[in-house]
Amino acid sequence: MALPVSLLMALVVLSCHSICSLGCDLPHTHSLGNTRVLMLLGQMRRISPFSCLKDRNDFGFPQEVFDGNQFRKPQAISAVHETIQQIFHLFSTDGSSAAWDESLLDKLYTGLYQQLTELEACLSQEVGVEETPLMNEDSLLAVRRYFQRIALYLQEKKYSPCAWEIVRAEIMRSFSSSTNLPQS
């Protein structure tokens with residue numbers, strides 16, 4: 001389902017505000033990167049989500065990984081990094097290149113890569129400050145299993161256009177949720 005532009009922009013503002021408030025000196029371009037990735041995902045829609053209602057699926061996004069005050073900065077940044085890395089991997093598959101406009105897909109790769117680079121620099125800075133583990137093993141597994149469920153769904157649906165549309169909408173939702181971290 002296509003999100004109204006006002007709702008999409010509200011999600012972007014919340015995401016940008018929260019990730020930038022982590023205090024790890026992420027450049028302003030990181031929040032712009034969040035906006036750009038969400039806008040690109042929105043532009044990638046090829047078919048009406050209403051024609052794919054029968055294909056909807058609950059992938060079990062691990063919201064608990066991104067909720068609450070259980071994270072310090074390095075763990076929060078690490079969780080976002082893992083999510084973006086998994087999104088990059090998902091859209092880098094052979095099935096993905098056949099499903100999407102190549103130009104938009106290339107822009108998405110570039111945007112995600114820039115996000116990863118900025119987060120890695122931020123992680124390096126934060127790890128030097130604190131000696132805490134980057135990400136709880138259970139949290140890491142929860143994020144990876146979530147993306148495994150998505151990959152399995154695509155495989156079971158034979159990478160159909162509706163399956164990709166459901167996944168695209170899910171990734172928009174999870175990207176918004178994963179970058180909307182608590183302030184620390």
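Using the three backbone atoms N, Cα and C, a Cβ is placed for every residue, glycine included.
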From the list C52, C122, Swiss-Prot names as the disulphide partner of C162 the residue C52
Out of C52, C122, which has the highest number of nearby Cβ atoms, where nearby means within 10 Å of its Cβ, if these are the disulfide-bonded residues?
-> C122
Spatial separation of C122 (disulfide bond) from C162 (disulfide bond) - C-alpha basis, Å | 37
Could you round the CA separation between C52 (disulfide bond) and C122 (disulfide bond) to a whole angstrom and send it over?
-> 39
Report, as a single number, how many Cβ atoms besides its own are within 10 Å of the Cβ of C162 (disulfide bond).
-> 17
